[in-house]
Amino acid sequence: MATQTDSVDLVGDEVTANIARAALFAALMGGFAYVSFPNPLAVGVPVTLQVLGVFLAGIMLGPVWGAVAMILYLAAGAVGAPVFSGGAAGLGFLIGSPTLGYLWSYPIAAAVIGLVVHRGVDIRDYAAVSMPILVGAMVAGTTIIYAIGTIGFAVVQSVSLYEAFLISAVAFIPFEALKIAAAVGIIKSDAIAAA
Amino acid sequence: MIGYRSGQTLFHRLDPRSKLLFQIAFAVVAFAYTTPRGLVALTLVAAVVALAASISVRQTLWSVRFLFPFLLGAPLIASLSVFPLEFTPADAVEPALSSYRIVLIFIVSAAYVRTTPIRDSRAAIQRTIPGKPGALLGVGVSLVFRYLPILRTELLSIRDAEAARLGSERPLRSRIELFTTAAVRRSFAHADRLSLALSTRCFAWNPTLPRLVFTKLDIPILLLSIVFLSLPVVLR
């Protein structure tokens, strides 16, 4: 053990609560890697919940802690937590995978969604936010995820942007509308507000 | 699935910081030299790494099988054009080399995952990133490791419970909504209990971390990383 002689520097209660929420949200994102829903349109492309997790992180934790939760998710996966698609792990996902753009876009998208919904870095009651702002924030988040994701795919796989978009985005985008609708339902539901 | 296993291989005895740097250096050189000759040389390096960490290449490939449609699809789609319908194999070469490069990067990163316990990774993070951001990242990452198995079990039981009540017959949006609502509630309940427990146990910014030391064993891998990182700069 490395000996430390400086006195204990306690973490404040509010920050402790935020760290716990961010870490649990990151673990939830990891858990989403194990659950997928059958796709009614294309059998081979299951619907996963990762992007829904990004939406909810930005809305429920706010721009700062939502982005922190996404960074924790990426960092834990990089050092070996089995949190990436199908329970995979490794720094390779962040520095060499064709999906690296999608992964790196998560903290940015969560921060942008949080900034739009909370109108700044201070958290306000997200259940009271109007529907157009919620939907607009999530549409902006989706755009960021697919833009950075497509660019990342094109660079890593040495294909054109158009080809990257065809192969990595087209089959998935229709379901983002479904996830935005689900997110609105989750946010407006009393079940979470009561928790 | 590739995960940490205790052992005495060469890679187990290296400092986690050397292994992290080496992965980045390997990726940099792989991106800079995605040529047949460059990839043959890097294949040899990756083979040595796989041996030194005693990881199974087949298991590593299986763990990233969800990426195969992309790895195989990219060269295919690059070689096809629709108007006029044509197949140009030459256009597939570069994307195919890129796909192969990705596989090599995954093998090297699997060596880290297999040989590094989370305690060491946390210490490496906190010693590399100074101050509170490093401490936050370190503690957060170890909490993710701690809670992932719990949440995974809970998520699968939520899904089973939903199916048992014929929830699987509902439309997709409603299934996702019900499932995620239950999942988020569980996570926040865990988070509330965790933050109370952390506060009562003097959760601090400066906990005592396991000792990390660079040894003689780290010298070759650090030198190789420096060579890899400087190759693209020096040779251009």
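Cβ from N, Cα, C; glycine included.
Taken from TrEMBL, the feature transmembrane segment covers B:20-35 (among others).
Taken from TrEMBL, the feature transmembrane segment covers B:64-85 (among others). Sequence-distant neighbours of the transmembrane segment (B:64-85) (same chain, 6+ residues past either end, Cβ-Cβ under 8 Å): 91-96, 98-99, 102-103, 106.
Through the fold, the transmembrane segment (B:97-113) approaches residues 2-4, 11, 16, 19-20, 22-23, 26-27, 30-31, 34-36, 39, 42-43, 45-46, 49-50, 52-53, 55, 57, 60-61, 63-64, 67, 71-72, 74-75 of its own chain, all at least 6 residues removed from its boundaries and within a Cβ separation under 8 Å. The transmembrane segment annotation in TrEMBL covers B:97-113 (among others).
When Cβ-Cβ distances below 8 Å are used as the criterion, the transmembrane segment (B:134-151) is approached by residues 118-119, 121-123, 125-128, 183, 186-187, 190, 194, 205-207, 209 of the same chain, each at least six residues removed from its ends. Among the features that TrEMBL reports, transmembrane segment is placed at B:134-151 (among others).
Annotated transmembrane segment per TrEMBL: B:217-235 (among others), in sequence order.
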